[in-house]
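Visitor: Below, the features straight out of TrEMBL:
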type: TRANSMEM; residues: 20-39; note: transmembrane segment
type: REGION; residues: 89-109; note: region 'Disordered'
type: COMPBIAS; residues: 97-109; note: compositional bias 'Basic and acidic residues'
type: DOMAIN; residues: 131-223; note: domain 'WSC'
type: DOMAIN; residues: 234-328; note: domain 'WSC'
């Protein structure tokens, strides 16, 4: 045996080329076997959805105009938002008549709730709870889409809820599903409806529900929360505003446009790198929001009703009342952020109970002041999203304030002053539960909500919500209380107060810039909500008592109590 091995060794030593050739052939053969097994596994009868994928593939083959984007499904999980020639804009009042007209044609007013259907496998038209309504089956033309916003393809895991949630997250009013695997978003439906029986293809990710058909869209109207942006194509509708006193100073760039449309004005202002596109009849103004035109005094939208000459379903305002859109141009007046030029002599805490909006407050403060905020902890995901002060030690003195959820006396007394952010405990507890089990912008699963985790969480965290506030009121040296709900309601004045408390000069232009970019990177969509109240009567009784305790403690310190919406009804 030893002699045989020695002969082989001498053979290959003399013939090294043959040795490497054999190795190469071996690796090539192995790779071919591996690839073959992969194709067989995906297309065989044992694979999930194999036969159905083949049927859909054959149907899609006839749609030659879409073959380049759908054939292989390589981009199946990527949203694409493109400028389309058929893009349309228009404030809500211009949609009402058209929507009412369509309602009279629809068959039966069938509605659905995506969350219930995804979890319980109920019929697509069983539920209407105010978050998503099924409004019918519509014809879709590959050359002229019925919904002209972003599109999203997933040929393995598409569900009704997934489509709705993604469209809602981007602020669209409608979500439509087609071919069992395609999702389209838009602000108005630009196609006639069809028979419901023509939307007959099962969703790839949930066989119990239908996701449109061949050139047919199952369309849902999304009932977004009030804080969700109302988008129209690439622009965000801001409202109707009265003509400023000095138009030349307030809106320095303008031009007359023949056959005016919202799209033309938005495109012009985008080219000029301005964040506001302001329509006044046939004139388009471009500008940044300033104290001369702050967008703080909304007018009734009916005052701006004046049909655009270039688009019958849009309103272009008039000489006295202007229609305003926010373009996709970034307002850079508040984007520069730095560490403090000199070491801070005092440490300021940005304290809150988890889930009370601390990350959002940090985003606002950084944009408003131009300085990074720090943290008592280190969160890599926050650092990667631009919170560069996250890596610094909290005592470094290089940041304007320091995030903390601590509530012990020793920890509180380590700070010289603090901004204490408080949020309605019912909302804060749910937000922190979602973060704990779903990440910063994710959601806890139904298994977590309905399992033992939620009751145990409320039992342990609800008392902490109260004790956190009480401890900071008792042991904090100088405390500036801010309520999350008040910041959402009146961001400008609340943020101005925080900047002043931090001892910095207020820049109104910078604050106005923040208003246009207030959401940041950690905002959950306004659509996904539970279909039931997770709080039991016993939980509510305990939380209500905690609210009364915190309210009394605030008033004892000669501060305003908790906002009215906190108080038990």
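Every residue gets a Cβ built from N, Cα and C, even glycine.
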Visitor: Is it possible to list how many residues within the domain 'WSC' (234-328) are helical, extended or coil according to DSSP?
Guide: 18 helix, 39 strand, 38 coil
Visitor: Let's see if you can do this one: DSSP helix, strand and coil counts over the domain 'WSC' (131-223), in that order.
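Guide: Tallied per class, the domain 'WSC' (131-223) gives 13 helix, 33 strand, 47 coil.
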Visitor: Take every residue in the domain 'WSC' (131-223), average their pLDDT values, and give the whole-number result.
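Guide: Over the domain 'WSC' (131-223), the predicted model scores a mean pLDDT of 87.
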